[in-house]
Amino acid sequence: MSSATETLCGQAFGAGHHHMMGVYLQRSWIVDGITATMLVPFFIFATPIFRILGQEEELAAAAGSISIWFVPMIYNFVLSMPISMFLQAQLKNLIVGWLSTAPFVFHVLLSWIFVNKFKWGVTGAMAAMNISGWAMVLGQLVYVIGGWCPNTWKGFTKAAFYDLLPVVKLSISSGIMICLELWYNSILVLMAGYMKNVTIAIDAFSICLNINGWEFMVCLGFLVAARYNICIATGAGLQSMVAYVNLGSYYAIGIPIGILLGYVAHLQGLWIGLLSGVAVQSLILAFLVWKTDWDEQVRKASERLNRWLVPEEDNQSPVHA
């Protein structure tokens, strides 16, 4: 849901409407906060949900105890994700890096203390993650609200509560696009739970996902640098189209291939199914990028930005930071 901030702040920064970036940031906080609250029951009742899905009791109980620790984390994301995109849209990637590096070092230290010294196990690891995560949020808030973004943060404003519907629509499109991609991996992990030697199957698949994640981080660095320049230039807002692409490539192709190879042919081919879906998605998106009229997208982005623009003199509130 925070991805709307990426598009909107990129548009505003590129058009020189810097004061709107703070408004978009606050609107994203509102939308994301409501969304996070709606998701809380799924974390609280994770154990019975996994039981209904037919997972083993031991796995369901373990997942339920861990999921509770994610409740404060989702509210962490409500604040941290939009702020990161808000700063990156201003090309302040170095600041984002430092605000992430310091809590990461703190996280490693806390994890070592809680897990190795206090012997708290998974509980200690989750506690360390929450503490370091909120330390990062605190640093981000101090930087943004404390006066280091004078052109883009004009204080808390009642304008953030206006025109929420366009933000909600864009957030939903972005959320569906990303969730379809994330759920794809989660569904395949869930499918691995129905194979023989469940523990080994899930562990092996999780290791593959983690290795894939590390590889992806290399590309992600270049992606972050490029995507905000793209947002500043166009801000096309084609998230809904990508959501349909993800739906078709992952759920109509990738998962069925994984089921066919894993359960019908008994070739343990869940990973091949995942790769098939990703390959189809990449080909379709490459074709769409090739065929898109980018001059037309620039015109549409400009129209949207002017339609949602709040005059700077109206971006005022008795509450300032």
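Cβ coordinates come from backbone N, Cα and C, glycine included.
Keep in mind the model is a prediction, meaning the values are calculated, not measured.
The feature transmembrane segment is assigned by TrEMBL to 29-53 (among others).
Under the heading transmembrane segment, TrEMBL lists 59-79 (among others).
Sequence-distant contacts of the transmembrane segment (91-115) (same chain, at least 6 residues past either end, Cβ-Cβ under 8 Å): 84, 121, 123-125, 127-129, 131-133, 135-136, 139-140, 143, 148, 224-225, 228. Residues annotated as transmembrane segment in TrEMBL: 91-115 (among others).
Here the transmembrane segment (127-149) has Cβ contacts under 8 Å with residues 22, 25, 69, 72-73, 76, 79-80, 83-84, 86-87, 90, 95, 99-100, 102-104, 106-107, 110-111, 113-115, 120, 321 of the same chain, all six or more residues outside its ends. Residues or ranges marked as transmembrane segment in TrEMBL: 127-149 (among others).
Per TrEMBL, transmembrane segment is recorded for 161-184 (among others).
Under the heading transmembrane segment, TrEMBL lists 204-230 (among others).
Summarising the annotation, TrEMBL assigns transmembrane segment to 242-264 (among others).
Long-range contacts of the transmembrane segment (270-290) within its own chain (CB-CB distance under 8 A, at least 6 residues past either end) are made by residues 184-185, 188, 191-192, 205, 208, 238, 241-242, 245-246, 248-250, 253-262. Marked as transmembrane segment by TrEMBL: 270-290 (among others).
Using a Cβ-Cβ cut-off under 8 Å and counting only residues 6 or more beyond its ends in the same chain, the transmembrane segment (242-264) has close neighbours at 173, 176-177, 180-181, 184, 187-188, 191, 194-195, 270-274, 276-278, 280-281, 284-285, 288.
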